[in-house]
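Undergrad: Take a look at this one; I'll ask things after.
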Amino acid sequence: MMFLLPFLTVFLAKQSHTRTHSLRYFRLAISDPGPGVPEFISVGYVDSHPITTYDSVTRQKEPRAPWMAENLAPDHWERYTQLLRGWQRTFQTELRHLQRHYNHSGLHTYQRMIGCELLEDGSTTGFLQYAYDGQDFIVFDKDTLSWLAMDNVAHITKRAWEANLHELQYQKNWLEEECIAWLKRFLEYGSDALERTEHPVVRTTRKETFPGITTLFCRAHGFYPPEISMIWKKNGEEIVQEVDYGGVLPSGDGTYQMWVSVDLDPQTKDIYSCHVEHCGLQMVLEAPQESGNTLLVANTISGTIILIIVLAGVGALIWRRRSREPKEVMYQPTQVNEGSSPS
């Protein structure tokens, strides 16, 4: 198997059994929706999993995950259905006020995001912000009990909301305490789905995209959770510019996919390698020197990661442990506001 060594190197880091989790609620109001488009929508997520939904057409809060339906009684859904109907009226009124202040008519949107995160080290974060027509409008700072306004109209809202000290403290408490309590409860309800790990299948390919231009592609698919790091290196140095990234996208089967590519001169003697990190698993695949691909499949068996490498039709089984802890992988949250309990 020595002939494989120039093509790839595989590192295994000790697997971590903790990860960052988030609970987020989103609201959206639309001032002039078209036929069949709700005027108001509210959706809840744990990590990337939708858990609740409500809209102005159904006017019912409903579960989006089976483990939510199984663990929350019917009176929970009825109680928050009534609350959401009230929040719908309030949210649509706020949108009309903003349109008057901006002197706008026609189609406009108003969004709200609230949520919290439980980090790997046990610490927590909370976030609450609003957007108008997709642009940041006002953001809550729970540490200073104040609002950060993004324009002159937002300053009007800031003055009104900061006059209510009780509400400011209430939002802080919800973000720091109640939101985290609900998140922990939901993680318990959906542990089988939310705590699982599926490592990616990673493939590097080389193809001529234009005359004189060769593109290297590194593709990962079939992984969960969606947090992943993928970079290209040239002669051991990370390539920062001239790299194209595809976003982390759902595959439709509960897993995710992503790609990253880089162009090169086909006559170059430089060595290019794709570096992938996912839940403590670190993989380095050297790009093929000729048209073709390198495929790496990672599976977990009894706590030991087995890597099956298929290169040019030849299969090899390689495994190796490393005691080094994994680096932090990338994660980008978003945000919403939902009252004293999940909605």
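Residue numbers in this text run from 1 along the chain shown.
For all residues, glycine too, the Cβ spot is worked out from N, Cα and C.
Sequence annotations record features per position, and here Swiss-Prot assigns signal peptide to 1-18 based on sequence analysis. Annotation comment: Swiss-Prot describes 19-298 as topological domain 'Extracellular', evidence class sequence analysis. According to Swiss-Prot, the 5-(2-oxoethylideneamino)-6-(D-ribitylamino)uracil binding site annotation covers R27, S42, K61, R112, Y170, Q171. The 7-hydroxy-6-methyl-8-(1-D-ribityl)lumazine binding site annotation in Swiss-Prot covers R27, S42, K61, R112, Y170, Q171. The N-linked glycosylation site annotation in Swiss-Prot covers N103. Positions annotated as disulfide bond by Swiss-Prot: C116-C179, C218-C274. The feature region 'Alpha-3' is assigned by Swiss-Prot to 198-289, with sequence analysis given as support. The domain 'Ig-like C1-type' annotation in Swiss-Prot covers 200-302. Sequence annotations record features per position, and here Swiss-Prot assigns transmembrane segment to 299-319.
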Undergrad: Just how many other Cβ atoms lie inside 10 Å of the Cβ on K61 (5-(2-oxoethylideneamino)-6-(D-ribitylamino)uracil binding site)?
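TA: If we count other Cβ atoms within 10 Å of K61 (5-(2-oxoethylideneamino)-6-(D-ribitylamino)uracil binding site), we arrive at 23.
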Undergrad: In the region 'Alpha-3' (198-289), how many residues does DSSP call helix, how many strand, and how many coil?
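TA: Taking each residue of the region 'Alpha-3' (198-289) in turn, the totals are 0 helix, 61 strand, 31 coil.
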Undergrad: From the Cα of C179 (disulfide bond) across to the Cα of S42 (5-(2-oxoethylideneamino)-6-(D-ribitylamino)uracil binding site), what is the distance in angstrom?
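TA: About 16 Å separates the two Cα atoms.
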Undergrad: Is R112 (5-(2-oxoethylideneamino)-6-(D-ribitylamino)uracil binding site) helix, strand or coil when read with DSSP?
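TA: SS state of R112 (5-(2-oxoethylideneamino)-6-(D-ribitylamino)uracil binding site) = strand.
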Undergrad: Fewest neighbouring Cβ atoms within 10 Å: which of the disulfide-bonded residues C116, C179?
TA: C116
Undergrad: Rounded to whole angstrom, what's the largest C-alpha distance between any two of R27, S42, K61, R112, Y170, Q171, listed as binding 5-(2-oxoethylideneamino)-6-(D-ribitylamino)uracil?
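TA: Greatest Cα-Cα span of the listed binding residues: 23 Å.
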Undergrad: Fill in the CA-CA distance, R27 (5-(2-oxoethylideneamino)-6-(D-ribitylamino)uracil binding site) to N103 (N-linked glycosylation site), as an integer in Å.
TA: 23
Undergrad: Could you find out if DSSP has K61 (5-(2-oxoethylideneamino)-6-(D-ribitylamino)uracil binding site) as helix, strand or coil?
TA: coil
Undergrad: For each of the disulfide-bonded residues (C218, C274), count the other CB atoms lying within 10 A of its CB, then report the residue with the highest count.
TA: C274
Undergrad: Going by DSSP, is the residue listed as 'N-linked glycosylation site' sitting in a helix, a strand, or coil?
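TA: It is coil.
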Undergrad: Counting every protein chain present, what is the number of Cβ atoms, excluding its own, within 10 Å of the Cβ of the residue listed as 'N-linked glycosylation site'?
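TA: Taking every protein chain into account, the count is 6.
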Undergrad: From the binding-site residues K61, R112, Y170, Q171, pick the residue whose C-alpha lies nearest to the C-alpha of N103 (N-linked glycosylation site).
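TA: Going through K61, R112, Y170, Q171 one by one, the Cα closest to that of N103 (N-linked glycosylation site) is R112.
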Undergrad: Would you identify which of the binding-site residues S42, Q171 has the most other C-beta atoms lying within 10 angstroms of its C-beta?
TA: S42
Undergrad: Indicate whether S42 (5-(2-oxoethylideneamino)-6-(D-ribitylamino)uracil binding site) is helix, strand or coil by DSSP.
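TA: It is in a strand.
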